[in-house]
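Working notes, beginning with the structure itself.
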Amino acid sequence: MTDPRLVTPERRGDDLGDAALRPQHLSEFVGQQQARANLQIFIDAARKRKEALDHVLFVGPPGLGKTTLAQIVARELGVGFRATSGPVIAKAGDLAALLTNLEERDVLFIDEIHRLSPAVEEVLYPAMEDFQLDLIIGEGPAARSVKIDLSKFTLVGATTRAGLLTNPLRDRFGIPVRLNFYTIEELESIVKRGARVLGTGITADGANEIARRARGTPRIAGRLLRRVRDFASAADADAIDRKIADHALGALEVDAAGLDAMDRRYLSTIALNYGGGPVGVETMAAALSEPRDAIEDIIEPYLIQCGYLQRTPRGRLLTASAFRHLGLAEPARDPGQFGLFGGEEDGD
């Protein structure tokens with residue numbers, strides 16, 4: 001995206017202030033009830049046996065708490081925590097430096113693990129399975145293989161795109177955990193806790209208003225809370241209520257469904273310029289002056305989740321709900337526009 005959006009689930013520079021809002025223990029973590037319960041059992045068992053926890057893979061959309069849970073896992077285990085990301089580990093030597101500095105049962109967190117290079121993955125396999133590094137030292141005839149024993153550690157990987165993980169890497173994670181979008185009630189609890197941490201008063205309806213527009217994502221809820229708090233402070237309000245939250249979020253162009261100006265521009269372009277669709281993703285990328293991957297990975301997922309957009313074999317198609325949200329009349333359309341099977345398209 002050309003501009004950072006307030007409702008993007010991706011991490012932004014101003015999200016650094018979120019650290020204070022993050023829960024420190026599983027008991028404080030809101031949502032993901034089954035995943036939390038299972039993690040607590042696995043952590044308790046590892047502590048009782050005084051063993052390293054099996055490798056953990058967190059899968060889910062951005063902003064749902066994968067990094068926070070990784071930090072909590074290390075804290076609950078009472079071990080060290082090291083964090084990095086797939087793109088940062090450029091070569092096998094970078095990974096070797098990280099692994100050889102880990103203490104017994106430490107947690108190594110790799111965000112965006114699907115972006116590891118094949119060469120780095122090859123080094124990671126024996127490290128995960130046998131806690132050994134197999135490295136080639138030197139080049140040509142003088143090259144030799146060296147085995148280095150590692151401390152037993154726990155690798156925690158996080159990915160938003162599980163389909164890009166290779167099968168050998170995926171199969172080495174003993175504890176796969178899928179994170180789902182949060183309910184409004186769960187987000188209300190997160191907003192209320194965030195307000196307490198920030199020392200800001202908030203009413204139940206004020207928390208609900210922020211939660212409803214947070215797109216099922218705690219990161220967005222925290223970001224909206226901080227911005228609404230600014231409006232409340234400027235108005236000398238004692239607490240954030242629904243009226244203040246509605247005014248602030250309206251001024252920030254986040255509507256009642258959590259859509260921002262870019263979302264509405266996307267929907268309006270299809271509705272007004274292409275009769276509601278179908279229209280290909282390349283056409284939409286050109287119309288909005290945005291790269292195709294931004295359309296597919298950032299804009300469209302939430303619109304599909306809300307039921308405003310369909311991906312059909314012939315292109316993107318607006319639903320009746322989208323026209324109602326835009327306040328437009330739905331045009332009469334040929335049922336054939338939905339394609340033979342109504343499945344997804346490649347977006348060409």
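Note that Cβ sites are derived from N, Cα and C of the backbone, with glycine treated the same way.
Annotation comment: Swiss-Prot describes 2-182 as region 'Large ATPase domain (RuvB-L)'.
As annotated by Swiss-Prot, ATP binding site applies to Leu21, Arg22, Gly63, Lys66, Thr67, Thr68, Glu129, Asp130, Phe131, Arg172, Tyr182, Arg219. Taking Cβ-Cβ distances under 8 Å and a sequence gap of 6 or more within the same chain, the neighbours of Phe131 (ATP binding site) are Asp149, Leu150, Ser151, Lys152, Phe153.
DSSP classifies Thr67 (ATP binding site) as helix under the three-state reduction. Per Swiss-Prot, Mg(2+) binding site is recorded for Thr67.
If you look up Swiss-Prot, you'll see 183-253 marked as region 'Small ATPAse domain (RuvB-S)', on the strength of sequence analysis. Helix, strand and coil counts from DSSP across the region 'Small ATPAse domain (RuvB-S)' (183-253) read 51 helix, 4 strand, 16 coil.
Under the heading region 'Head domain (RuvB-H)', Swiss-Prot lists 256-348, citing sequence analysis as support.
Feature annotation from Swiss-Prot assigns DNA binding site to Arg292, Arg311, Arg316; the stated evidence is sequence analysis.
A C-beta separation below 8 Å, combined with a sequence spacing of at least six in one chain, links Leu21 (ATP binding site) to Arg193, Gly194, Val197, Leu198, Gly222.
Checking each of the binding-site residues Arg292, Arg311, Arg316 against Glu129 (ATP binding site) by C-alpha distance, the shortest gap belongs to Arg292. In this structure, Tyr182 (ATP binding site) belongs to neither helix nor strand by DSSP; it is coil. Each residue in the region 'Large ATPase domain (RuvB-L)' (2-182) has a pLDDT score, and their mean in this model is 88. In this structure, the C-alpha atom of Gly63 (ATP binding site) lies 24 angstrom from that of Arg311 (DNA binding site).
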